[in-house]
Structure formats: structure tokens, C-alpha cells
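Asker: I'd like to ask some things about the structure below.
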């Protein structure tokens, strides 16, 4: 042994070994307790160490799953996996390599990410206090403490009671929704999370769901809770509405003597919601077949799945941040009255919860007002209509669910034919300006006398408040458009979401741009052309972003647009919101019976307008090719407009916005040319519009930027598609689809060799 080695051995023996502390809960993070990897070392042929007998992250280091086993012993409650590619165990991973190469580092990062998703997968009560990674769409966002499972333990005839359809009928619960139900009694500190489709009826005291307070009422509220979105948490409201304690129907239902129905308990009735949207489980939209779970629920109700204890699929709950609660509670103040019409504008970046808060704002305004107006400025993700449309909607009932679950007919709307105002900023502002003027002069003040409606929940009916949902484009041109919209709307309250902080590089040679500030020029009475700017006091609320979850990355905005488009064309809309929306997704669009409408001068549809880039290049003889299989907007004319008496003219601009009202969208499934006796075109239309609205349509507007998604063109039923084709036709006979591959260099299937770097090769 050399002298240097002897000195090292002596020093190692003399130095005391530090005691290994026992692993505690505080020392283990939720995302997984992994030791830091050792720095990379250069591998050489002679000095490479021997392969390690166990992995870098060995079993003596507690993992995230071991942490939860030590706290709540939830490993036995796990009944579902996040994906088929998830690992079966989180134990140590052995490797025959050195462990310091780039390949090993990538594998270890992959297992670390899987452990992070496992932490989101477990159905347990866990307070998440760690920050998300700065990479990806979640940059520097603090996760809120959330409870994934319900704080409710159902006990038969104590806080949970099954009610038959006959008992509901004898109690005069005749609202057109057949089927049995259950009555749940919630204490002050209890909550109930439910996935699926159900009807909610508050029976005693006010409850809270989706940041919305619901008081006892004879009305039943349809709730849509797919697992692709945050699940609603039902809990007693923090403040109870005076004079609305118990519903009279509760006295007509015979409940067991042991059932808890004291005055401090919150009682609610849950029934089946047979609307048809659960037909998505048949495979109409790929990736969304399992968002409604199974048909039979554990409570014996169809499509109702309470999240109590363990749950077979990964879910995450809907949470209300404190700043949201403060902003919503301010709506009950005395300034929201007849003297000050409420105009609220919600703005914020993408994925901040802007549309979710705006929907909660709308629902809470409906507690005081008979009707509330909604101005949609987001072309990409419309709340009550399909994309590429800006419009005004008038609502008298709350919307409890994601946007694709409550499509409604607009009061006034305009079709731009694109998902972004980048290509048409001028037309975008003109359409919104007209909608704001239409609201101020036609909808804001009603002719109804408020005394006629004071007996119905004491709601205000003399004027209609407005909620403006803006787009998430907050930089460059998007910021300029947002400022113009705010100046046109003149909101009384602005709800602004905090922008995500960006990492600014401050190295050598880089400087940060100073913030831009606007200053109003002083008023000079010497110049009569200059008018003083009258500024009203606008209350501004700063809101924190919605809590994020790793499960949100499963679906992109493009996926949600496809889901919204397919469900829109499978829906059946009604002129009034009192009749709920229904869906028929039992068969694909290619098998749906269409409307046959004639297109021509003096026919049902008289004119066609093409908008968007490249529309001016479509010749008149190519019009059938441009319309066949396209998504078009059906519009009505509200006044006379001097135009050429032809069906289509190349390069013709559409009528002014004040003369056109978009009724809805339609798909031209096919068309056929007329003959000499009956010239024109016969169109086969698929549209969710009712016949009364379809008969008002006079013109078609088509944009080349909006196309029908692929799931709307195929037969997605089991056995509907094979290698030869679908519907008994070969692929070469199927319109609008090209299944054959491209004959290009490198387009063939790649083959991988497995004998590279073998010995003797």
C-alpha cells in the first residue's frame, strides 16, 4: 500500500461517521424523494468501473409511493393506472451500464416523471405545496392544497337514502326527468365529489358547486362532470341565503327516522341525467371514450360515480382560489343594483382559468338577476357555441360543466371562420363593436316591469348585466386588440389574471426592456376640438391562476376543439334554455339523416359568400367543389341589402355586420346539381338548429380555414372501418378522405437493425 493510500485509510477511520437520520414525512416531497445524480464522468476503456449491483435510486431511498404508504397506507387502495405504459412497480431499476451515460440519465428522468404522475394518480387526501417545474405549460405556478376524495362517508338511512321514482312522483317532483334518485345529507365540514352526469336539486340550505351557490329550488340543475376536466365538489355554502332554508317538497318525501335532516344539515337530491352525451363512450371522438366512465354507478344511478375512497381512474377536483371567492362575494354588494348596470370583463393569459372564472361569475350573477348576457370574444374556445364565432348569449340558468356540455343558440353572433384574430383583426374588432352596441341599445335595459317578477326568487329584471370573456392572447397584436375591446365595452369591473413570470436572461450584453406606460394628455380649453375624457371608477380585481394538475396535459386545445365540434353537430338545440340540450351519438355523422335544402335565387337559401384567405380565387363553376363537405355558417338577413342577384360572385364581400345574424353552423354532407326544369343546388345539411331557426336562414358563409375534423368523416362504430374501406365501400370511393400514403423517398416503413455494435460484426 502506498503512503497516500495509508494516510487516506487512517483519516477515514479517525473521522466519525454521521448518523443516518430516520426518514420522516417532512423530508420527502410529493413528487418523489430521489437523490441527486452524481456528476457525469468520462468513460474510458481501461478505467470504467464495474457495473453496479443495484440502481442509482436504490430501495433504501424512500420513493413517493413509499411516502404515501407510510402516511395513509394507500397502496392497497390503488385500483387503476394512468396509462398502459405506466410501470408496474416503483422499485429500484437495475442496469448493466455504468450509470453515468446520457442514455442512463434519460431513463432515470423518465422513471422520475412517472413517479410524479403516480403522485397525481393516487386517490387520496394530499396537500400539494410544491412548485411545478419551470418547463412546460406550468411555469412557476404554486399548486393549492386540494382534497381529491370526498369528505363524506355514506351510511344508509343516516346521511344517505335511496328514493324510488314512485316516491318522487308522489312528492310532486314532476319536472320531466324520470328515474330514481338519492338524498344526501352533508354536515358543515363535509364535501362530496361526483364524476359523470347527474341532476342536482338543493332541498335544504344553500350548497356550493363550481364556485356557484345554489339555493333550494324546484328547478333541477344538470351537472356535467367528465374526467377530462376538474370534477365538481359539492359542499355547504359558507353563507346561507336568508329565507331559502328548506324546500317544501322535502316534507312530502317519507324519510327514515334515523335520517339526518336537522336544520344545520345541507340536503340535496341527485338523479340521473339522461341527455345522451355519454354516447361518447362509443368512440365518436378518439381519446374521449372513457371520460364518462361506466354506465352503471355504485349508487344504482346511471352515469353517477361518487369519488369516495379509492377511484379507478385518475381525476382531479375543481378548486376555488381565495382571490376568486373574494371577487365573487363582491357581487352581493349594494353597488350591483339598478343604478349601476354591471359590465364585467375577464382577461388573462392562456391556461389561467379565465373562462372557468367567467362562467362562475355568470352563474353567481344569475342569483340576483333574471337574465345575464355573455359576450364571447374568444374565437378558439367558445363557451356556448362553436369556435370561429363571436356573439352574444342570453342565459337564465347557470351552466355547470365544461364548454362542450352546454351549447346554446345565440342572441346575436358573427362568423369569422378562423380560430384566431391574427388573420382578420379589423373584422374581429368590427364584429365585437357591433355586439357591444347591440347589447347597450337592445338588451341592457328591458321593457319588463320588475314588480312582475319579484315573486320569483326576487330577481332583478329591469336590466341585464354583461360578462365579457376575452381571448388569451396577451402580447403584441393580442394586447392591442384587448385594449380596444376594453375601451369599447367600458366595464364597471375588470377581473385580471396574474401573468406568469418569465425568466429574463440578464447576462453580459443583455438589457431588460423598460415597462410601457400610457399617460393621458391634459385637457386644454383653448382647443374646443379636444374633449375631456370622462373616466368612471372601474374596480379591478387581481386573480390568481387556477390550480394546475399534471392530468391537464392529457388534452391539448386542439383536442378540445375537436371534441366541441363533434358534440356540437350531434346536439339538438332548442330556442329556450328551459328545454335542456340533448345529444344523439348513437351513430356517426355519415349515418345521420340530413336536412335537404335548395340553394338558388328564390329558394330557401339564396346566396353564398366565401371569406378568408384565398376565397377570392374560387371561380363560379368551382362553387360545388368548395361547398361539398364543408362547414358553413347559416345566417339570416335583418334588412335589405343591394347586391347582385346571383347565388355566388367571385370576390364578393359579405353584407355589413348590422344586417347579418349568424344562426349556427352546418355541415354540407353532400350536394347535387339541378336540371333545366329546377336549376340550382340541393344541399344535404347536418345542423343542430331547430326547424324554426333553420327556416330563417337565407345565406351561407364559408371559410377555408375551418374544416370538419376527421372523426366526423368516418364510421367510428365497432367494425365500421377495415383495411378495404368503410360502409361497404372501398377507400377510393370514400369522399373527402385520402388513405393512401405518399410515394416519396423515406415514406416507406422503416426497419431497425438490431445487430449494430455486436461483437464480431
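Indices start at 1 and increase along the chain as displayed.
Glycine is treated like the rest: Cβ placed from N, Cα and C.
Per Swiss-Prot, the features are:
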type     : residues                               : note
COMPBIAS : 1-14                                   : compositional bias 'Low complexity'
REGION   : 1-131                                  : region 'Disordered'
COMPBIAS : 39-55                                  : compositional bias 'Basic residues'
COMPBIAS : 61-82                                  : compositional bias 'Polar residues'
COMPBIAS : 83-99                                  : compositional bias 'Low complexity'
COMPBIAS : 100-111                                : compositional bias 'Acidic residues'
COMPBIAS : 112-125                                : compositional bias 'Basic and acidic residues'
BINDING  : 348, 349, 350, 351, 352, 353, 354, 355 : ATP binding site
Asker: With a 10 Å radius around each C-beta, find which of these binding-site residues (352, 355) has the fewest other C-beta atoms nearby.
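Answerer: Counting other Cβ atoms within 10 Å of each of the binding-site residues 352, 355 gives the minimum at 355.
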Asker: Are there any residues at least 6 positions away along the chain from residue 353 (ATP binding site) with a Cβ closer than 8 Å to its Cβ? List them or say none.
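Answerer: In sequence order, the residues whose Cβ lies under 8 Å from that of residue 353 (ATP binding site) (at least 6 apart) are 497, 543, 545, 546.
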Asker: Note the Cβ centroid of 348, 349, 350, 351, 352, 353, 354, 355, the recorded ATP site, then list each other residue of that chain whose Cβ lies within 8 Å of it, in sequence.
Answerer: 472, 497, 545, 546
Asker: Look at each of the binding-site residues, 348, 349, and point out the one with the fewest other Cβ atoms around it within 10 Å.
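Answerer: Across 348, 349, these binding-site residues, the one with fewest Cβ atoms within 10 Å is 349.
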Asker: Determine the most Cβ-crowded residue among the binding-site residues 350, 351, 354, using a 10 Å radius around each Cβ and all protein chains in the structure.
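Answerer: For the binding-site residues 350, 351, 354, the Cβ with the most other Cβ atoms within 10 Å is 354.
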Asker: Under DSSP, is residue 349 (ATP binding site) helix, strand or coil?
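Answerer: Coil, per DSSP.
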